[in-house]
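One structure is given below, represented as structure tokens, and several questions about it will come after.
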Amino acid sequence: MEQNGLDHDSRSSIDTTINDTQKTFLEFRSYTQLSEKLASSSSYTAPPLNEDGPKGVASAVSQGSESVVSWTTLTHVYSILGAYGGPTCLYPTATYFLMGTSKGCVLIFNYNEHLQTILVPTLSEDPSIHSIRSPVKSIVICSDGTHVAASYETGNICIWNLNVGYRVKPTSEPTNGMTPTPALPAVLHIDDHVNKEITGLDFFGARHTALIVSDRTGKVSLYNGYRRGFWQLVYNSKKILDVNSSKEKLIRSKLSPLISREKISTNLLSVLTTTHFALILLSPHVSLMFQETVEPSVQNSLVVNSSISWTQNCSRVAYSVNNKISVISISSSDFNVQSASHSPEFAESILSIQWIDQLLLGVLTISHQFLVLHPQHDFKILLRLDFLIHDLMIPPNKYFVISRRSFYLLTNYSFKIGKFVSWSDITLRHILKGDYLGALEFIESLLQPYCPLANLLKLDNNTEERTKQLMEPFYNLSLAALRFLIKKDNADYNRVYQLLMVVVRVLQQSSKKLDSIPSLDVFLEQGLEFFELKDNAVYFEVVANIVAQGSVTSISPVLFRSIIDYYAKEENLKVIEDLIIMLNPTTLDVDLAVKLCQKYNLFDLLIYIWNKIFDDYQTPVVDLIYRISNQSEKCVIFNGPQVPPETTIFDYVTYILTGRQYPQNLSISPSDKCSKIQRELSAFIFSGFSIKWPSNSNHKLYICENPEEEPAFPYFHLLLKSNPSRFLAMLNEVFEASLFNDDNDMVASVGEAELVSRQYVIDLLLDAMKDTGNSDNIRVLVAIFIATSISKYPQFIKVSNQALDCVVNTICSSRVQGIYEISQIALESLLPYYHSRTTENFILELKEKNFNKVLFHIYKSENKYASALSLILETKDIEKEYNTDIVSITDYILKKCPPGSLECGKVTEVIETNFDLLLSRIGIEKCVTIFSDFDYNLHQEILEVKNEETQQKYLDKLFSTPNINNKVDKRLRNLHIELNCKYKSKREMILWLNGTVLSNAESLQILDLLNQDSNFEAAAIIHERLESFNLAVRDLLSFIEQCLNEGKTNISTLLESLRRAFDDCNSAGTEKKSCWILLITFLITLYGKYPSHDERKDLCNKLLQEAFLGLVRSKSSSQKDSGGEFWEIMSSVLEHQDVILMKVQDLKQLLLNVFNTYKLERSLSELIQKIIEDSSQDLVQQYRKFLSEGWSIHTDDCEICGKKIWGAGLDPLLFLAWENVQRHQDMISVDLKTPLVIFKCHHGFHQTCLENLAQKPDEYSCLICQTESNPKIV
């Protein structure tokens, strides 16, 4: 067989290593480096939309507002306005603009800054007569533009007719021969709102002299002008709305533009108050169309800034209050509100809102920032312009107007008009700066489906129409940009790459929509013409990288060949492979590609070309079989001196049979074609005889030199023997495909009756496993595969028990190295479907092979729990072997074992034999719990344990269980007592005794051990339980002496023991006197033992003082006939021989201290008694006062007359009587039987009812209880 070729770095090699250090063949999955790459970048997707609006516009805005808006400054206007006091408000139209002045006149200019007309606020032609000299607040124009109305800060309103012939007489004739500026007087003056702030002024309908006016008082009125008498124009008014409430104030009103519908013209009035926003229909009659409550956060704050704005077509109205905006959408057909949206709170207060067009809303904030919002997209900010640089007059909302998508600004120095520039202006600005890439990115942003600024930039809102406008300029600009980059000294890779990526994104999305725009592959080919030979490398590198990331899938044949030629000369095989795999092969130069693949041994790529170009999926398999069977001379594809790796055929077959294109790892499409290829290849691989090859010839594809030696299923056996691990890994992966389901209609016929299914392949493998001609390695791997496949696909694979015996015997009898883990996995997966007829022999085989995990499952299934437990105990690393801990396994075994059975006895023997081992591996606490649940008799095994500390810990845990004493041997209890006395500290012993119930015998046993250990405090506890209080007193006194001798001078500990001794003395009954004598005598003699300046002597002194006080207190609780008990005890103490032998001086000082303490205690007692007596006197008086207040009543009815005397249903006149008492006022006397008599027994009656029954005052008795008491009369 020929040698394999060199493994080039560029080849998509497949990792075929299967060994013990890596994956087993059951875990292996075929893959290629290319398939991994495709998985990480599967397909190109368009970049997400920029959240701040189109990227190009956002970039322009970042450079300043001048980038998006062009400004014109009109400076001559202000020189004219100076004579009239300066501007106060503005109203622009298409050909003229009107400016209100601070002296009251309204000036009309054209856009050449010529003053056209002066509107004078007077009804007379003489300007000196009754002219309003007040700043103009607002200006409005009627629908046909013939009449103008203005409101003033004084509350006056004037209307001018621009079509009248007469003018106001000038005060002086011009001397320079120039024509004087015409001046018009007002035709109507409304003074109903004088000294009131006007909050709304609009023309109503198509009328010339009808106005809707609102003011701060809350009134909204309609004024109608009409002529009377000598054609004099007068007006009348009608109130439309009056908001006059302390809780709700009118902020402003705004009339919509004229709405014409079905021969009817009308307006909608929007009204904003501090609590509501409403829409009112004014004709044919006034009616409320919509109302909503202003948000609570706004209601609860002071309204500083507010605004209302209507769109020109009346489809939307927006209003703002402080820093929140709301937009109401209205149906043009029936005026019904369609939706209402509310913005989140803005960071700063909003001065003014005005619609730029029907969709975009302009917002001016308090910091002079102008925002363009899109309310339909959650009030997204599309543009942000800084108007602070323009130095607007204050307040800016009065000097700023948006009309016909233009800005009109009154600044401190001039009048400015701003207009949005067109998209071509912005593009040209980029080009002039040499920023071609920025220009292309700007156009790309305008081609996005979501481009709300398109209309402002003079583009069509419709995406298709906008594409037609932009694609041709974009294409031409792209070519120019590419040419511009190339003309530089060195073509920059990054710039070319960025440019081409923009072109790729745009042309892929938009060029298909327009036949007039060349496709992307044409552009890329044209781009190649711009590069000189020295710069080709940069262009090819950019194109190759764009192809590699999946952005481009097709290029022209010319470019394809050029780029392949270039990288072939560079011998960059990796790029060649990526290009051929990633691009559409229809434009590929097949001859060139095949030659390169054969020259550089790009075997995977050669297979791909053969599949895609020739649509032939069988020839690669045939060639690979020729190579494996040493028939290289017959190869068509791999006919060179080098051969592909031997594992290539397994990866190729795996990909195809699982429906994936090799080596792309992408699904073969369409599905019908994929199914056909899979059927043909599966029929080929699993054919039972040699097939004809070529298929239209009479020649056959033999794997043996001698056709007579050709085996059945030749290709199956060839692949199995060539590399059994990879072949079985291939089968393991392809078995997961639905192709091999028995009920799949797409499976291929073999012969005419058999189908290539999992069952079919398993039958072939069973024959191969039984074939002794195969090596032991092949047979055991096949057996392992069969075992695992049966457990994975039980519904598709059926195998007889005899065949399973053969599988199991093959695995167990194998001597192949390195398959221990996988063999055990195979046997374990087979157990649910296999039952050995000779279980004992099977167990012996498993033991011989150390298949412990399998053996454990066998023991469980056979209920051999003793053997399972022994096996667990023999295993060193249980967690690694069984994937669980020993506690869980042991607990499981003991719970599953039937109580009282023979197996239960065997398990007990195993536990008894390995008791020490179980304690060390499971833990003492867990063992106690598990053994208690299984059998209490197991606890006796602790007696055989040599380590006493282990015994003590075990028994501690055991006897902490409630009611355990009656369930275990008494020897355990005795041992527990002995070990506790031996190993527990004195403090631990005391804690244990306090929490343990002991019998008398156990107490005596413990007492002996405690006395041996001189644990007097614990001994006192035992004596107290035995009611030997005199001995308990001795123990406590010995403990006190022991503490003093050992230097433990904690007074609180000593006093605690002494007080326990007091309690024992008092509990001693008849021995009480002797106990007290013993206690005091002991302390006196102990006092005499210590030197004068010893600390212990002082402690004894304190203890003696406490002892005498305890004795005195004990007297107070004794019987009355034992009044002399104290002196008897003291006499006996002083007569005691040990006291007599003490020094008189020591005894004198001691007794003086005792009596001083006694006197002090007596004085304290007297003071406390006095305090208690004084306090108790107050308490008694308070108690008596409470008693005199009366008693509660059990029932609400009088027991005699049955009427209500308390609670619900009481006569109402009683409340009047109560009021009379409270107010001390005279009242008409009414007999209400109000006095009530309440007895101590809680029964109540009317006083008159008792007297009617012959009871006398002060001698009342309860009629129910027949008892006399001092009743309470209320």
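Backbone N, Cα and C define each Cβ position, glycine as well.
These came from Swiss-Prot, pasted as-is:
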- MET1: N-acetylmethionine (MOD_RES)
- 75-119: repeat 'WD 1' (REPEAT)
- 131-170: repeat 'WD 2' (REPEAT)
- 193-233: repeat 'WD 3' (REPEAT)
- 507-665: repeat 'CHCR 1' (REPEAT)
- 915-1092: repeat 'CHCR 2' (REPEAT)
- 1198-1266: zinc finger (ZN_FING)
With DSSP helix as H/G/I and strand as E/B, how many residues of the repeat 'WD 2' (131-170) fall in helix, strand and coil?
0 helix, 17 strand, 23 coil
Per DSSP, what is the residue tally for the repeat 'WD 3' (193-233) in helix, strand and coil?
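Per DSSP, the residues of the repeat 'WD 3' (193-233) fall into 0 helix, 24 strand, 17 coil.
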Where DSSP helix means H, G or I and strand means E or B, what are the helix, strand and coil counts for the repeat 'WD 1' (75-119)?
9 helix, 22 strand, 14 coil
May I ask for the residues of the chain that lie six or more residues beyond the repeat 'WD 3' (193-233) and have a Cβ under 8 Å from a Cβ within it?
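Residues 137-138, 140-144, 146-147, 149, 151, 153-157, 159, 161, 187, 239-245, 249-255, 258, 265-267, 269, 271, 282-283.
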Looking only at the repeat 'CHCR 2' (915-1092), report the model's average pLDDT.
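A mean pLDDT of 81 is what the predicted model shows over the repeat 'CHCR 2' (915-1092).
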